[in-house]
Each structure stands twice: as C-alpha cells, then as structure tokens.
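Going by TrEMBL, these are the annotated features:
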BINDING   B:78-83, B:161-170  FMN binding site
BINDING   B:THR336, B:ARG403, B:LEU404, B:TYR405, B:SER406, B:THR421, B:ILE422, B:GLY423, B:TYR427, B:GLY436, B:VAL437, B:CYS438, B:SER439, B:TYR616  FAD binding site
BINDING   B:SER536, B:ARG537, B:LYS542, B:VAL543, B:TYR544, B:VAL545, B:GLN546, B:ASP578  NADP(+) binding site
DOMAIN    B:72-210  domain 'Flavodoxin-like'
DOMAIN    B:246-465  domain 'FAD-binding FR-type'
Amino acid sequence: MTDNKFPHMNEPLDVMERIKRESDYLRGTIKEGLEDRITAAISEEDTKLLKFHGSYQQDDRDVRDGRRRKKLEPAYQFMIRVRAPGGVATPEQWLTLDDLAGKYANGTMKLTTRQSFQFHGILKWNLKKTMQEINGTLMNTLAACGDVNRNVMCNPNPYQSKVHSEVYEWSKQLSEHLSPRTNAYHEIWLDDAKVVDTKEATEPIYGETYLPRKFKIGIAVPPSNDVDIYSHDLGFIAILEDGELKGFNVAVGGGMGMTHGDTNTYPQVARVIGFIPADKIIETAEKVVTIQRDFGNRSNRKNARFKYTIDAGGVDWFKDELNERLGWDLEEARDFNFEHNGDRYGWVEGDGRWHYTLFIQNGRVKDTEDYPLMTGLREIAKVHTGDFRLTPNQNLIIANVTGQKKKKIDGLLKEYGITEGKEYSALKRNSMACVAFPTCGLAMAESERYLPSLLEKIEVILDEAGIREEEITIRMTGCPNGCARPGLAEIALIGKAPGKYNMYLGGGFAGERLNTLYKENIGEDDILNALRPLLIQYAKERQKGEHFGDYVIRAGVVEEVHSGLDFHKAASVKK
Amino acid sequence: MQLQVENSPFNQEQTDYLNHLLPTLTEAQRIWLSGFLAVPVTMEAPAAATATAALDPAEAQQNAQKPAARNVTILFGSETGNGQQVAEDMLQKLEEKDMDVTISALDDFKPKNLKKVEDLLIVTATHGEGDPPDNAVAFYETLFSRKAPKLDGVRFSVLSLGDESYEFFCQTGKDFDKRLEELGGERLYSRVDCDVDFDEDASGWIEGVFGVLRESLEVPSADESTPAAQLETTSLTADQPVYSRTNPFRAEVLENLNLNDQGSNKETRHIELSLEGSNFDFEPGDSLGIFPENDPELVDALIARMYWDPDESVPINKQGEVRSLRNALLTNFEITKLTKPLLEKAAQLFENEWLSALLKPEQEEERKAYLDGRDLLDFVTDFELGDVSPGEFVQILRKMPARLYSIASSYQANPDEVHLTIGTVAYHAHGRDRKGVCSGQCALRVEPGEQLPVYIHRNPNFKFPADAEAPVIMVGPGTGVAPYRSFLEEREEAEVNGKTWLFYGDQHFASDFLYQVDWQQWLKEGILTKMDVAFSRDTAEKVYVQHRMQEHSTELYQWITEGAYVYVCGDEKRMAKDVENALLTIFENEGQMSADEAGDYLKKMRQEKRYQRDVY
C-alpha cells in the first residue's frame, strides 16, 4: 500500500546516498584532504560529508572570475556553524568565538536564523585549529549541517524563566539524543584514535545513510512564534496551564525550500496532529525521525524533505504510522494562540533578573566605523555573569542580568553606542536576510549586503504613508532554499539572478500562513513601485489591528494560501 | 614565386625541377595537381586499408571528393544536469547509427580542437543574467576572443535551455549560435530555445538534427573541400621569409595578464603570443627572445635633460641607417644600464674630471658602486656632457639586447602560440622608481593586439629526456616553473605518462601559486605524478623548495637511483645554490656518501645530462 504513495522507492538512489554509505560513517577522506597542500579545497565528495561536521566549503564569489583568469583556483574557504541548542552561550563561550572570528575567520560572526553562530572565510589550513578551539569551549559543530537533525531551536523567552528553562532542557536533550554517534568527528578534528564503527552500535537511529535530507526541530512557547514553528519538519508547541508546562502539541511537515521553476517543490507549513505529555517528547521525536528515515525520498533530493513525505503519504497515514511506532496514540491537540513571530526589544524584567534584547541587522556581529558592535559586546561579555541568547530572528538577548550588573552593562551599551533598535522603523526591526554573496555557493542574488539599502528606500514610503511604527515582517534570501524563512513573511523577496527577485506577499504576521507570489523577477525600481501603492493603500484602508499580510489578502491583491500544495496554483491565478 | 632550398622543404635538384615545371602549368592543371597531391596525405588510412596497387590519379581524385563520414562533436554546458542529459540522449541516438561521435562538457573541450571538428552540436544552459554556465565560461571566452579559430567547413546546431521568466532567456545559446556563424560555420539545423519544461522542444531538436545528419551520411554533399580550396591553403607556405634573431617575427599579443592575485607582493605576467605565420617551432626548455622598447617616459626625460631635438636623425648602425633620436633611443639602444666600457667611451667624448677619476684602476669599488642601479638619465645628470651631439652620443651606446624567457607552453599542443611567464622587475634606487625594460614594458604598456619582435632561442642544455620511462624531477619556484608547464603540456598532448615530480614555491599560496589549476589538472590526469609546494610567507618559519626536497629525501633519492633526471630553473643566486646543497645533503644522507662522493655523484649526473639547470 505504501508503495503507491511513495513511488520514489522504486527509483534509483541519488548519488549522495552512495557517498554516505561508502563514507565509513562520515569519515570519507576528509583527514587526508586537510593535508593536501596543492589545493585549499577538499574533494567534492568530502565537501558533502563535511557538512555533517558542521562546515561548508565555500569560495569568495566576488573574486572567482578574476582568479579563474589568473589560472588560480577559486578562493576556497570554509564556513563553520556552531551548534547551540536554543541559542544559549555563556560569556566565556562568547569571548572564545569572538576571538576565533578575528583569528581565523573574516573578523565577524553571523547569528543565524536557527540560533547558531556562523563563521565565514576560514582557510583549510586553519579549519582544524578552529574546530578544536570551539570544542575546547564546550561547544560543538557536529550535525550543524548535513542530512541529520540540525540545531534544535527553542523560544529564548527570558521573562518566563521557569518555563523557558524547562523547554530549553528539552531542546538540549533532543539535540543530544538525535546527534550522530559516529566517532569520525573526534578522529578528524580532535585527534582521537580511530574506532571501527558498526551500524548497530554507531547509528542506532540513523543507520549508515542517515536521513534523506536535513531535518529541523523547533519548540515554540505561545504567544510567541519567534521560532516560526510552521517552518519546521517537526515542531513542538508548548502548552501551558497556569504557567506550568503540560506538554506539547506536535506539528509536522513544514519547510521553506523550493526550486525556481520546479512546481513539484514548494514551501509548506507544518500541520498540528495532536498533543503529547512533556516527558514523551524525546520518544516522539525519535519515532518521527525514523519514519522520515524509512519513507523519505532518497532518489530526488529536491523532494526529500519531510514535508514531501507527509504530503505524499497524507497526514492520516502519518498519524497511524507514528501511533503504531510509539505503541500509544497522540492525544487531541490543545488550544493555543500565537500573536507574532518577531522579537520584542529592550530591557524586560522577569523572576528578578533583567534581559536586554537588541536588534542586530541580519545577525551580523561586526565593527563598523560608526557602530563598534563587536567590540561593545566583547566588553559586555567580559563583565556579564548571565548568558547570551540568540533569537530565531538573528537578534541577541543579554540575559539573566542582576540588578547590580544592569547598570554596568547599560553603561557599556551607552559607551559603545549600542542600541536595542527602537529608533529603527518597525519594518527594519522585523527584517531578516540570509548570507548569500559573496560566500554562499547557492546565492543567485545579493541578500545580506543588499537588504539594508533597500529598507532605507522602503522607509521613505513608510514615512509618506505614516506607518513607520507599523510592524511588518520582511525577509530576503538570495536563493529559494529559504534560510531566512521567506515563505512566512508578510513581504518576501527571493533572489533569482543578480539584482532580480521574486516578490511574495500575504504571509501571516504570526508566521501562521504562507505568502503568495506577487511579482516575478523584478529589480529594485519595480520592487519599490509595487510596494508603494500597496503600503499607502494599506495605511488608509486597514482595519483596526489589521496586519499588512492580512490586508493584501482582504484587498484581493493576492490569494490566501494555507497549504504549500496550493502555493503555485495561487500564484498562477495572478500571473 | 621562386622555390629555393631555404624557403621550401625540397633539395636543390627538386627545386630546379619544380621551378622549371610550375610556371608552365595552366590554372586547371594547377588545380588538378594540388588535388592529386593532397589526396595521399588526407586519405592515407583508407588507401592503406584497400591494399590495392597505387591508385591512378583519376581514381584518387574521385576518392578525394567522396566524403568520409563526418565526425560529430557534442558539447554541453550545464548547471543542473539537464543539458548533459539532452546531450547524452543525442549521443545515444547517433551511436545507434554507428556515427563517429564524441561528447564532452564545454570546459573539458580544448578550444583549439575546434579545428578538428566537423559537425558540432552544442547544448547549453544560461546562468543568471545571461551569462554562460560555470562549466562553459572558459570555452565561451575563447570563442569570443581573438583566439577563436575559423570554422569554415564546420556545421553546427545549438540547443539552449533556459527559463522564460528571465530577461536574458537562453542568452548563452543565442550567443554561441551567432558566434559560430560569424566564425564561418554553417548552421545545419536552426537553434531551439527551451523553457523550463524542455523535454518536448529538446526531443524535437534531437530529431531534427538527427534527420539532417543521417541525410548527409547517405548523400555525400557536393561542397566538400575541392582541390581548388586545397590549393589556397597549400600555396601559402612557399614564399615566406625565414624569421630569426636577426629578422625577428612580429608576434601579436593575444593575452597579457597578471597571474598574481590581490595581496601579493609580486607581479608575474602571463603573456600569450601568436606565432601564426612565423614557421617557428620549439621544444620544452627553449626560450623566446623579445626585443623590448625602452620606457618612453625615460627616453623623453633623457632627451629633455640634454635639450636635444627628438626628431633629429641619428645613425643606428654601421651601415649608416638613420632614425629619429627618439625612436632610436626607444628601440635601438640600451639606456637603462651603465657599464665600464660605456664610461670609457664617454670619457673620450667629453672631458670630466670625476669621470676620469672613476676610470682609474684603483677606483674599482667606487666605480662599481656608481654603476649599480643607475641608468643613462642618471649619467647625463651627474656629468656635464657639454655640447655632445645626439649623433655622437648614441654611438657610445650598446645595441638593445633581446631578453630571453623560458617558454611556458608546448609547441605540440599549441603550434600557433607561445606562452611566457615574466616576473615584473621593479625597484626604487637613487631617488627614482625603476622597472625592468622588457618586464616593465610587458607589465605597463603591452596590450593585446599589439606586436612584439620575437625569435626562438634553442636551449640544448635544458632538454627533457626522450625516454618516457625516465623519471623527471623538476624544481622551479616562481617564474622558474615556466619550462615545466611547457613540458607537461607536451606530455599531455603526446599522452605520455612517465613519473614526474614538481617542486614549486613562492611567497603566498593564495596569491602566488602560478598556474595552480594547470598543475591540479595534470595531477588529476596523472601527467604530473607528485607535486610539493613551499610558500615562504604563509608560516612563521620560512619554507622553501629545498626544505620540501629534504622532507622527501628518501623517495627523492630513490627516484634518482632509478635514473631520474633533475631540472632546476629560476633564481641563480640563492635558490639554485640552496637546491644544489640540498641535493648533495640528500646524497650524503640517503646514499651514505662522503661530501666528495656526493659532489662526484652530482658531477656524473651532470655529465649524463641528468642534472640540468636554467638559472638566471
């Protein structure tokens, strides 16, 4: 019966499956490749395995063409992603990472949309040293990328500390439980002795070919949907009663990535299928992962994410399969309500501690001449006794500050001119961009380097319309793989070619609804010309409390989309 | 046109006969004869296969007009693999009909091989804003450069894959299609542009192209190269001057780029020159001589300093040829170097106390110090020449010497080109920035399209072994690596796979790894067996090639005892000496030799031509 639902099972496997199987549990020839002095790259197959170790081989695309003419290989370099479940880091860890950024990377840190740290521009010769220092500070990069469960996200909510710490504990445990067990990581980076791995002992959950594709888990604590729970392969929505954590609603099959021009790919929102008591979370996650392991598409990586498995089999089939594997049934989903998916900035107090959320544009921690953010945060880390929390919106919380330290930190914030971002437009405060050029190999258009200047131009329109303080989410990515979760933004721009973007409108303000293609392949002038009348009209015609994403649907600008299966259909209507 | 022994491949007796016969031929006879002569060369294989007695001329001509099955070349430029898939479908279809067909990615195909192509099918995607896909960029650039070959007689068809929603839909396919026609190709089937759902359109193209190809298989086309066409190409070679050092060939510059990337302390020019029409040939290890021009700024400053008239005629040789002063100083005389003979001649031209003092034997140290790093502008500034005339002045100057550079390309692989690797010499001395004459000219003033006077300089003392089995060890940091590029390119062309080992070094891996992708490719292909590199400024402790040699001393010595030839090219003062010492140490340690024995061993290698150097 399942054969009819999953025809891919009869098709030849994608080449990546062979690479995984033959890699000896993610070893490949990475170790040898690091020693090769003739190239700053590693072999193509090893680059695929390296992802599982938390690193991507990239190159500086700004200089690729010039170097090719000079008969030089591309300026190869590596990105390292540091896994931090729930995005929590101690001040000591912050200082270590800050030091590595200057010593081996390009002098900056990127706080990612999945609450992890990213370094760019690390040369092959420094890769191992960087890995060792990261591990030395008790952080880890294993499974930060690759066909495995990635960094587990969790709401970093600092003002309901008890609930947060419970939820954070679960996210840590999930992360640990679903980590690959292979010893390859320790052998390659930490000089451990070689161990002979066997399938049963090594990867009891994954097996030797791991998952068909990446797998993302997040935990949300309503009313905040900052983790964008509907974008995850597997989402847990904390259900609180009288301030106590009772358990989680389970949502499955969300995901942002798609491929331009391929209507068999689409962004999808996760669907809530039931409720589980809190202590069943690990067991449930493991079973969900094994279902994807067994049924996911291993023939076509473009259709390999869990969302396609769910859509192929149907939600009912999945629930039955999960209940059967668990040996007990999920309860009926409980009520909950999300209000927004953005961050709330500035100081707040909770449980006698202070927490300061500050806006970091596109998550890039760096120093510029008029904004020494990196230096300021370093000085704060030196005196800070609480922790740092990376938000899912690429922002930072200086958390658990005592009343006494608050003055000191306030002083440092002032000294370095660091602001929480309240003076920016509400649009800017609710903006996100992925990395894209020059380092990301997938980028088709600029993103992080371009969004700030585009925002300034949109802000002119906002001022004209008088809605500078109106919260609107806007997200940009340089390609359709969806790192900044563009599918859920009220305004999204997805790159197609240098200077050209597809524009999507109508996402839900609380991240509950997908947006719809509005304009295809347009440049800056067209972007501004398209937004201008809509924003002005919105300012005039909006109902009380109505968000922009809801307005464009009511006004008939775009179709409402509730399932990724309708994503392309809705777009074609407007074409 | 008169044939001579010097300008033709014939001996005296043959040229006499031919000179006697050729003027008497009618046009028709000439055409017939050229066709007759052309046949045995081009039809050698079938003629041998039939194993009949010598063909009579009429039969031969008939054979010549009957075309052999045309070869088909399929090239694809693909981003996602769709292009490759279509190309492979085409391949399968043609192979089923036993057609002579080859397939390759655009970047794996050497553009020079285009000359050998008969029917060319290109399947290509388009990238971003109308750019060629990554694996087609190099081919695209060559096709659109002045290096692109003429494609007369080539038939082609293009299939482009794209996405209608892009402004520059299928642009790369359109570009190829247009360019192939411009180069003289004949379109055998109209281009088809496919949108995202390409399958149907692509199948249509495959069928269409296949139909045409099958047709031409069955019915020999009439426009095959006729004897008349042959005549045109063969008659060109006869009345050509012989180029040499004394009659240099003016070679067009095809390419001139700096190989070093941002962050480098160096500048190394890679220069490609066209040798088309020169009749030059060369072997790996040979050099190219270039007659450079002096820096016009320096020439003008010199003339201005002396208040001379740049247009005044001056003699440039003993035969009494004259040129304007400015041109003579630009091209005929050396003005950047001071020598003792020059001072002596100058002292006869005018009176100067200091000059006379400098020339005294006991003033040798002071004289050397003065000559070092100074040029003629310094000289005329430091010494009052009085009213010496330009005509007198130039007669004390040395003729402009040619500069020799190790050739960095293979004649067998690129007979119409020669590549050079020229390190730019630049330094500050005596209050002025100075540049090498030829390297400065190449770095600052030589543009593609211009010409340089050149000749081939044979280097019998730097020859690679004819025996493919003999291992070859090459040491060549910096520009010293040039001859090895020539050698390996030649081996690649000849498909020879002997053991080879290259030691290369420079300052920085990221910016100074000259020809990095070439070595990588040859390592992949097995043309280059091993390569070790030393980048002196990437680590706290400076590492040079000799250190890498010592790190591998056991294996290196093993190669040498197996009969390896060792080559050293590059800097003489330090590198070559350090490398030689490293070799001696390796002999002592690995071969248990005394210092004397090691010295003798190296001497013997030198005598056997197993230790050759080209150092400068």
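Along the chain as shown, residues are numbered 1 onward.
Cβ atoms are placed via backbone N, Cα and C, with glycine included.
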Binding-site residues (B:ARG537, B:LYS542), the one with most neighbouring Cβ atoms at 10 Å: B:ARG537
For B:VAL545 (NADP(+) binding site): DSSP state (helix, strand, coil): helix
Chain A neighbours, restricted to the binding-site residues B:ASP163, B:SER165, B:GLU167, B:LYS542, B:GLN546, by C-beta under 8 angstroms: B:ASP163, B:SER165, B:GLU167
Densest Cβ neighbourhood among B:SER165, B:THR336, B:SER406, B:SER536, B:GLN546 (binding-site residues), 10 Å radius: B:SER406
Where B:VAL437 (FAD binding site) falls in three-state DSSP terms: helix
Proximal residue to B:ASP578 (NADP(+) binding site) among binding-site residues B:LEU161, B:THR336, B:VAL437 (C-alpha distance): B:VAL437
Chain-internal residues near B:LEU404 (FAD binding site), provided their CB is under 8 angstroms and they sit 6+ positions away: B:SER287, B:LEU288, B:GLY289, B:ILE290, B:HIS457
Secondary structure content of the domain 'Flavodoxin-like' (B:72-210), with strand meaning DSSP E or B: 58 helix, 31 strand, 50 coil
Cα-to-Cα gap, B:PHE169 (FMN binding site) vs B:VAL543 (NADP(+) binding site), nearest whole Å: 51
Per-residue Cβ crowding (10 Å cut-off), top of binding-site residues B:ASP163, B:GLU167, B:ASP578: B:ASP163
Mapped DSSP class for B:ARG537 (NADP(+) binding site), helix or strand or coil: coil
Distance, B:SER406 (FAD binding site) to B:SER78 (FMN binding site) (CA atoms, angstrom): 38
Distance from B:SER165 (FMN binding site) back to B:ARG537 (NADP(+) binding site), taken between C-alpha atoms, in Å: 49
Sparsest-packed of the listed binding-site residues (B:VAL437, B:VAL545) - C-beta count within 10 angstroms: B:VAL437
When distances run from the Cα of B:VAL437 (FAD binding site) to each of the binding-site residues B:LEU161, B:ASP163, B:GLU167, B:TYR544, B:GLN546, the nearest one: B:TYR544
Residues near B:TYR427 (FAD binding site) in space but at least six apart in sequence (CB under 8 A): B:GLY373, B:ASP433, B:ARG434
Integer Å distance between the CA atoms belonging to B:ILE422 (FAD binding site) and B:TYR544 (NADP(+) binding site): 21
Fewest other C-beta atoms within 10 angstroms, as judged across B:ASN82, B:SER439, which are the binding-site residues: B:ASN82
Integer mean pLDDT for the domain 'Flavodoxin-like' (B:72-210): 88
